[in-house]
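Visitor: Structure in structure tokens, see below.
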Amino acid sequence: MDPQTAPSRALLLLLFLHLAFLGGRSHPLGSPGSASDLETSGLQEQRNHLQGKLSELQVEQTSLEPLQESPRPTGVWKSREVATEGIRGHRKMVLYTLRAPRSPKMVQGSGCFGRKMDRISSSSGLGCKVLRRH
């Protein structure tokens with residue numbers, strides 16, 4: 001044995017024997033039986049708690065079901081649908097008018113497809129067929 005590696009090998013051997021004596025566990029107080037008992041008892045408590053909550057929710061749901069099944073007049077639903085359609089149509093028109101100035105429009109008959117703003121605030125039509133008088 002090399003004198004430099006002998007202490008490290010001895011330390012590893014002692015550590016191995018210590019862990020082998022404990023059954024591979026790092027803590028001497030823990031045992032396989034007690035750890036599994038604690039885990040199963042904790043899981044069992046959680047399971048019982050969740051089952052209790054589930055049964056409470058089911059009781060609440062069954063008590064609320066008769067209230068939800070009450071028939072409503074179809075006229076009320078139709079008037080609501082018409083009102084929402086009117087609101088949606090109005091909203092579409094507002095959005096269309098708001099977006100309209102942003103999009104370039106073609107001027108009919110002139111062939112224009114947009115406008116150009118110069119740095120000095122003068123504007124000109126792009127692609128416009130304009131007859132100029134001399």
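From the backbone N, Cα and C atoms, a Cβ is placed for every residue, glycine too.
What you are looking at is a predicted structure, and each value in this text was computed from that prediction instead of being measured.
As listed in Swiss-Prot for this protein:
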- 1-26: signal peptide (SIGNAL)
- Ser41: O-linked glycosylation site (CARBOHYD)
- Thr62: O-linked glycosylation site (CARBOHYD)
- Ser63: O-linked glycosylation site (CARBOHYD)
- Ser70: O-linked glycosylation site (CARBOHYD)
- Thr74: O-linked glycosylation site (CARBOHYD)
- Ser79: O-linked glycosylation site (CARBOHYD)
- Thr84: O-linked glycosylation site (CARBOHYD)
- Thr97: O-linked glycosylation site (CARBOHYD)
- Cys112-Cys128: disulfide bond (DISULFID)
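Quick one: where do these features end up spatially?
Guide: Contacts of Ser41 (O-linked glycosylation site) defined by a Cβ separation under 8 A and a same-chain sequence distance of 6+ are given as none.
For Thr62 (O-linked glycosylation site), no same-chain residue lying six or more positions away in sequence has a CB closer than 8 A to its CB. In three-state terms derived from DSSP, Thr62 (O-linked glycosylation site) belongs to a helical segment.
Taking Cβ-Cβ distances under 8 Å and a sequence separation of 6 or more, Thr97 (O-linked glycosylation site) has no neighbours in its chain. Look at Thr97 (O-linked glycosylation site): DSSP puts it in a helix.
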